[in-house]
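> This is the structure, below, for whatever I ask next.
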Amino acid sequence: MTASPLHLAVALDGAGWHPAAWRAEDARPGALFTAQYWADLVTEAEHGMLDFVTFEDALGIQSAAFHRPDDRTDQVRGSLDAVLLAARMAPLTTHIGLVPTANVTHTEPFHVATGIATLDHASKGRAGWRPQIAARAADATHFGRRTTPQLTDDDVRDPERIGRRLRPLFDEATDVVEVARRLWDSWEDDAEIRDAATGRFIDRGKVHHIDFAGAHFGVRGPSIIPRPPQGQPLVTSLAHAMVPYEFATRSCDVVYVTPHDRAGAAAIVAQVDEAAGRSGRDMRAWPLLRFAELLVFLDAEPRAATHRKTHLDSLDGAELTSDAEVFTGTPGELADLLLDWREAGLDGFRIRPGTLPHDLVQITRGLVPELQRRGAFRTAYDATTLRGHLCLARPNSRYSQERQTRK
Amino acid sequence: MSGPPAAGRKQVHLAAQLPGIHNVTVWSDPRARSQIAFDSFLHLAQTAERGRFDFFFLAEGLRLREHKGQLYDLDVVGRPDNLTQLSALAAVTTRLGLAATVNATFNEPYEVARRLATLDHLSAGRTAWNVVTSSDAFTGENFRRGGFLAEADRYARAAEFLATARELWDSWADGDVRADAVAGAYLRPGAGRFAHRGRHFDISGRFTTPRPPQGHPVIIQAGDSDTGREFAAAEADVVFSKYNRLDQARSFYRDVKGRLARHGRTPDRLKILPTATVVVADSDAEAAAYADEITRAQVSPQTAIAHLEAVWGRDLSGYDPDGPLPDIDPDPDSLTLKGHSLFRRGRAETARRWRALAERRGLSIRELVIEISGGQTFVGAPRTVADAIDHFVQTGGADGFVLVPHLTPTGLDDFVARVVPLLQEEGVFRPDYTSRTLRDHLGLPHDRGEDTADPAAEEEAS
């Protein structure tokens, strides 16, 4: 029933996804703001032949609460701009996809689109993007130009309710992604002609204004950078409810979801299909890949992972909670779970390592070989672009298609 | 081979700018490669680093230029996002400074401060920011902000923008990341807290990014108006200048350096670097011939006509580029070239001046445009060029230069291989890097806040 290979991504964030991960034995908490720390992680992930790594980010400082800042000083706080971080990794790697988070609520869509296109050029076709709305009202004061809804504790208990309250921001995010995609298409692939005879560097008939006018902003275009190597860098989003599923089906190539078992995964896949149906998206022409999220602690020794997690829980003073399912066990047990859940209609998984580098190394040197033994994961990269790893075609520029249609 | 710094001789500072956009780049040369491919940037940056340059600089343009209502198609078009590209270049260089032009009109301080701080961390202290502003509604059409700033407000907003960015960088002290795993203390309480209330920005909250290795990235400024010079004297670490003729350069140098004392700064706190081009060959005669060839390639017949149209505001496509200038007057109300800072004002006067010059010297349209484009700054055999650069710096014309090669990506190769060693032998240019941060290369103090550094937090910081 399942012939297609599994796709695997790893979500990199600080010292790992456990709030006390920075206190783990092999953690390097003093190095989180150095390039070397991230280079070691990303090259390890590439060693494991993973499809891509993601870089978390936000325009506000981290918090234990979803909807407002806290003043804790016993957890990792502080972060680097993820697009720049991903770009810093590009020349150090050759195959792995690089997918930074970049905000779409307070930023200029033109700058974000240019930044992701630049990442795609610098990485020779390995860029992705996770557009992220600013869900915290407190982040708006960093810009002083607008306000966003303040979520309540009651909201936070219910993802559907959060989604409804933040719907205007998701609608705006749809516009931002649309602008980015138009800007990426605004130079046709062969726009640069260097025709010395006529003195023309570009064929201006192949560079297009995008003339986007939405409810929140307008962008005239064209892009200032030629079309990225992938044509369209990969757009991905994390979603827990119908409103963000709708955003994903309107705007994204990959959606990360958070089921807690195989049945839950099937239910979410059905919801995503329902959203896609309403948006009129043709999934055959434009596939939407579904990745499930898992927060994992892995050790070859049975029960060692559980002990590790319990120790970190005690350091943090609370049991770990997460939107994603928390898994503790051996790489072999995780392989069993991934292959089981996949049957619910998933294309892959984005795994959040509980601690770094420990759980990443368990993925690359434990889980990956286990999946390879079962014939479920690549044994070598057979493509050089991120779209290539995911078996997604390189789209034509919409503007070249238009011109061909008009002929 | 390289001598020690010569006593009493000023040290030359060198930077390189990626050529591109406008007609500096000879894209028609068979050796010319992509202006976008990362390998081109890598070649130029590594050549500059091999030449022990202070920094590599990227200019910015946030809208493609338009000429007579259509995209301008004669010159190099297309460039990457500066900070993203420089971050990638930080991976393939170790000492070279990385300077980004970032517009303070179509950005917000929180985000710009954060991205610059990030680059400074990821390059271990090699970041510079060329602060520019825009009054250009044409460019504004690409942004949420839209619109533009009144001319008079530009420096006021830029000054407040810069002050706000500095507050954000200072919101973390050097030792705020404690990372004390045993005590369970990751950061100092209150790290990153800020509040700025001003005319242009009213913002508060928590800044996400720990204090950059340089404290503050190096600040570059390029304005030439009286307000611009004053802003530079008060705020900048480096000033870019367009004056690369020695007499004009000395006058600019004296004026700007003379303004520093008013702001409580010594003359060595600000480095003045004119933009310059270099053509080097085996002999002076060969270099002169090559310079002529380059200039003619830069000003094609089509480019010459377009250049004139930008001033005349009229369609001049019927004129022969090898013939005389048009005798009709400019259209004062028509702006044919959009997205270019030149030729916004005084076009009628410019046209009169150009016509008089062309008539006096018997120049065709193309010859005139070549003439007013200014030619090349330093032309000659390696020794000639080295001596001219040294003389320029020793006699009060500049602290060094920003070199703009005419070829991507090999345009710096000859200079680095043949001229740099001579400057090093003269003892006026560093034989090797002696420092790691850009501030140190430039001899500028680190902008350090209260130093509460915890050695544990410095792990791997370099």
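Backbone N, Cα and C define each Cβ position, glycine as well.
Automated prediction, rather than curation, is the source of TrEMBL annotations.
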> Given that TrEMBL lists B:T101, B:Y155 as binding FMN, which residue among B:S28, B:S225, B:S241 does it place in the same site?
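Candidate listed by TrEMBL for the same site: B:S225.
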> From the ranges B:199-222, B:439-462, grab the one TrEMBL calls region 'Disordered'.
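Feature region 'Disordered' in TrEMBL: residues B:439-462.
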> As a test of reading the model: what is the averaged pLDDT for the domain 'Luciferase-like' (B:34-397)?
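Overall, the domain 'Luciferase-like' (B:34-397) comes to a mean pLDDT of 93.
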> Which secondary structure state does DSSP assign to B:S225 (FMN binding site), in the simple three-class scheme?
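Its secondary structure by DSSP: coil.
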> With every protein chain in view, how many other Cβ atoms are within 10 Å of the Cβ of B:S225 (FMN binding site)?
11
